[in-house]
Structure formats: structure tokens, C-alpha cells
Amino acid sequence: MSEPTLYGGPATRRVRTRDLIAAKQRGERWPMLTSYDQYTAAIFDEAGIPVLLVGDSAANNVFGYETTVPVTVDDLLPLVRAVVRATKRTLVVADLPFGSYEEGPTQALRTAVRFMKEGGAHAVKLEGGRRVAEQIAAITGAGIPVMAHVGFTPQSEHAIGGYRVQGRGDAAEEVVADAHAVAEAGAFAVVLEMVTSEVAKRIAHDLAIPTVGIGAGPDTDAQVLVWQDMAGLRTGKGPRFVKRYADLAGALTDATKRFADEVRGGEFPGPEHAFH
Ligand SMILES: Nc1nc(=O)c2c([nH]1)NC[C@@H]1CN(c3ccc(C(=O)N[C@@H](CCC(=O)O)C(=O)O)cc3)CN21
Ligand SMILES: CC(C)C(=O)C(=O)O
Ligand SMILES: [Mg+2]
């Protein structure tokens, strides 16, 4: 019997990190989404998304902050638990929020252990390249898979100076060095955020581990989007790398207006919604 593909296999077990490495060797691309709650997690699991990220982008997309900086481990842990409980097949990655790993390998490992023990996560993710290589080595050394994240790293947006494409011109070598460093430190995959397609293609070719692009062009092994961007729940102009596959904001606005109108007009509840 041949190995099931990430998409087509029976839902008998969770996707594991080594399945993702094997997918890269087969040239099989895969989709990844964020999820922060049980209903979306169950839908994405059933729809065949092999990897879900409980992103620190919950700061923006759940809690309503302007940046990802304020969100805490205690904010994110219950969301991780919800996504894990609601899924059967998906590998669930927990994002380490700003301030929970920068102090060094000891702090990083302590935070990663919390997401594994208290959150039930299957892997963790953190931002940075060469500067967090020691943290990645400490976490993977303890048996916890790590997804890295280089290029534009939103937790550092104040240092980077806004939302800016990384790796143009001379800066290409910096992003490439970061990607190599996280792979050498033991990461099982690396997110490339807002880097040029040329740099992303080169890194995807260089590294044995899967690359997950967001605003990194068509040549990465996987693609990730924030689910509210993908499904059009977020209103307003988003980043250019987003493609909207639905208009959930429109659908929810229509449903809400009809509900409100029917309450005001006395049409809801009808006899079938009442008890006698
Ligand atoms: N809903 C949502 N989607 C995301 O992709 C996302 C979050 N939230 N929160 C955390 C970070 C922040 N990210 C962002 C946020 C904004 C831009 C943005 O506005 N980009 C512009 C400017 C690019 C430029 O000037 O170079 C763009 O047009 O893409 C990009 C990434 C990615 N992440
Ligand atoms: C966009 C992805 C990669 C992320 O880090 C997040 O959603 O927090
Ligand atoms: Mg994140």
C-alpha cells in the first residue's frame, strides 16, 4: 500500500511534520490557514487543510488590536485548545507571541512547553532568523517541532518600520541567511512572509524543509493566509497578497439585517420556533 497523500488519505491519524517533508520530496504543495475557534477549525479539518496555525494574528483578527504586539500566551492558550479539540487530522501549530521567547532559549522552551502541555499543540512557531537559532535548537532539542518565520516578521514591525517587502536587492542575502540558519537549527518548516518571489524560489530550492509562503510568490511548497482574509470576513483593503474566496462579511451582514428586520416586524419567532 502506498503512503496516502496529505489530501487524499483516510482520516485515521493526524498529519505529522515528517509527512510535510515527504510531501516536499514528492513535489506536493499544501495549503495552510489560521484558525482561532472550534467551528472554523472543524470546517478546515474536514475540507482537507493539513496544517492550521493558531496565529498571534488573533491579536488583530480576534481581539481587535492594531498590531500583534499586545497578545499574550494566556490569551492564545484557550484558542489553541479549541482548535485542537475540534480537529481530527490537522497538525495544529501554536504561534509564540511577542515577548514569550526573545529572552533566550530557556524562556523559549518554557513557553513552547506550555503550548504543548496546556494547549495540546503539535508544534510551535516563532519569528526570526539567525537571532532565534538558539531558541529553535533548544525547543527542537526537547522534542517539540518548530516552524520558523522569516522575511517580514509582524512582531518586529516597529523595528522594521511598517509592512515592507523584505529581501529586495542586497537584503536578499539576509533573508537567505536567516532561512538557512533556522533550517540548520532544526526547524521542520519555515514561513516566508512578504519576500520577493525570486528570493522565495531560491530558498524553496535550497532547503530540504518545506517553505510556506505568504506574499512570497508561487514557488514555495505551501501557502498560508489568515482565514478571515481568505474568506472575506475582514472588511477593508487588506494586504495585496490576499485573495478572497468568499464574501462572508456580506453574507453575515445580510443575515444580520434579515434577523433584525424580522424581530422588529414580529415575523420571528414563528410558531415552529415556540413551545406550548
Ligand atoms: N488579517 C490579517 N492578515 C494578515 O496577513 C496578517 C494579520 N492579519 N496580522 C498579522 C500580520 C500582519 N500582516 C500584514 C499586515 C498588513 C500588510 C500590508 O498592509 N501590506 C501592504 C503594504 C506592503 C508594502 O507597502 O510593501 C500590501 O499592499 O501588501 C501586510 C502584512 C500579515 N499578518
Ligand atoms: C500569517 C501567519 C504566518 C502568522 O504568523 C499569523 O497569522 O500569526
Ligand atoms: Mg504570527
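Note: Cβ is positioned from N, Cα and C throughout, glycine not excepted.
Quick look at what TrEMBL annotates:
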ACT_SITE  GLU193  active site, proton acceptor
BINDING   ASP56, ASP95, GLU127  Mg(2+) binding site
BINDING   ASP56, SER57, ASP95, LYS125  3-methyl-2-oxobutanoate binding site
From binding-site residues ASP56, SER57, ASP95, LYS125, GLU127, the one whose Cα lies nearest the residue listed as 'active site, proton acceptor': GLU127
GLU193 (active site, proton acceptor) CB neighbourhood, other CB atoms within 10 A: 23
Neighbour count (Cβ, 10 Å) for SER57 (3-methyl-2-oxobutanoate binding site): 20
Mg(2+) site shell beyond ASP56, ASP95, GLU127, criterion: Cβ within 8 Å of Cβ centroid: GLY55, SER57, THR68, LEU96, PRO97, PHE98, LYS125, LEU126, HIS149, PRO154, GLN155
Cα distance (Å, whole number) from ASP95 (Mg(2+) binding site) to LYS125 (3-methyl-2-oxobutanoate binding site): 5
Binding-site residues near ligand 1 among SER57, LYS125, GLU127 (Cβ under 6 Å): SER57
Residue among binding-site residues ASP56, LYS125 with least C-beta crowding, 10 angstrom cut-off: LYS125
DSSP-derived structure type at GLU127 (Mg(2+) binding site), helix or strand or else coil: coil
Site with most surrounding Cβ atoms, counting all protein chains shown within 10 Å, from the binding-site residues ASP95, GLU127: ASP95
Contacting binding-site residues for ligand 2, chosen from ASP56, SER57, GLU127 when the Cβ sits under 6 angstroms of any of its atoms: ASP56, SER57
Alpha-carbon distance [SER57 (3-methyl-2-oxobutanoate binding site); ASP95 (Mg(2+) binding site)] in Å: 9
